[in-house]
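*Asks:* Dumping what TrEMBL says about this protein:
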- 59-77: transmembrane segment (TRANSMEM)
- 84-102: transmembrane segment (TRANSMEM)
- D112: active site (ACT_SITE)
- 122-144: transmembrane segment (TRANSMEM)
- D128: active site (ACT_SITE)
Amino acid sequence: MAIAYLVALLMVLVDQIIKKWTTSSLQLHESRSGIDGLFDFYYIRNEGAGWGILQGRMWFFYVVTFVIIVYLIYLIYKHRQGSLFLKCTYGLLLGGAIGNLIDRIINGYVIDMFRLTFMNFPIFNVADMALSIGVVLLIIQVLMTEDTEGVL
C-alpha cells in the first residue's frame, strides 16, 4: 500500500517543482528550448482540460477530482495486497490528480509547459503525464485480468 502513496508523492513533488520552475523562469506564453525534435517548454495557464474543453468550469474539476481521489484511496486500500504494477498504477493516477488539483485550488488554473514539437498536441504537465500513463497501465491491468473486480 505504501508504494502507491510513495509514487503519488513523487509525482506531486516532480510536478510542482517543474511548475515552480516554469513560473519563475518563463513569462506567460514564453517558449524555451527543451529536447530538440521532441518538446519545448511553453508556459500556459489552462482553465479547462486538454484541447481547451470545459474552460472556466473549475467547480466541475473540483468535484470530479475529489471523487476520483477518494475512489483511488479506496482502491489502494482494497488492493493493498495487489501487485506492485497495480500499486504503481494507482500511485500515478493519484499523484496526477493531486498535482493538478493543487494548481486549481491555489491558482484557479493548471500550469502547463510541455509542448510537443513533432506533432500538434495540447500542452501538458507532469501530472497530465502521470494520469495518462496511469490510465494506459490500468487498461492493461483490466485486459490482463479475467475479473475486473481484481483491478477496479
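Using the three backbone atoms N, Cα and C, a Cβ is placed for every residue, glycine included.
Note that the structure is a prediction, hence the values are computed from the model and not measured.
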*Asks:* Looking only at residues six or more beyond either end of the transmembrane segment (84-102), which have a C-beta under 8 A from one in the stretch?
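*Replies:* Distant contacts of the transmembrane segment (84-102): 1, 3-12, 15-16, 61-62, 65-66, 68-69, 72-73, 75-76, 110, 125-135, 137-138, 141, 151.
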*Asks:* Would you kindly list the residues that approach the transmembrane segment (122-144) from elsewhere in its chain, counting only those six or more residues past its ends and only Cβ-Cβ distances under 8 Å?
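*Replies:* Tertiary neighbours of the transmembrane segment (122-144) are 11-12, 14-15, 18-19, 42, 44, 46, 50-52, 85-86, 88-93, 95-100, 103, 110-115, 151-152.
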*Asks:* Distance check, please: Cα of D128 (active site) against Cα of D112 (active site), rounded to an integer number of angstrom.
*Replies:* 9
*Asks:* Sort D112 (active site) into helix, strand or coil using the DSSP assignment.
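*Replies:* Note: D112 (active site) is in a strand by DSSP.
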*Asks:* Sequence gap of 6 or more, C-beta under 8 Å: which same-chain residues meet both conditions with respect to D112 (active site)?
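*Replies:* Listed in sequence order, they are Y43, I44, R45, N46, P122, I123, F124, N125, D128.
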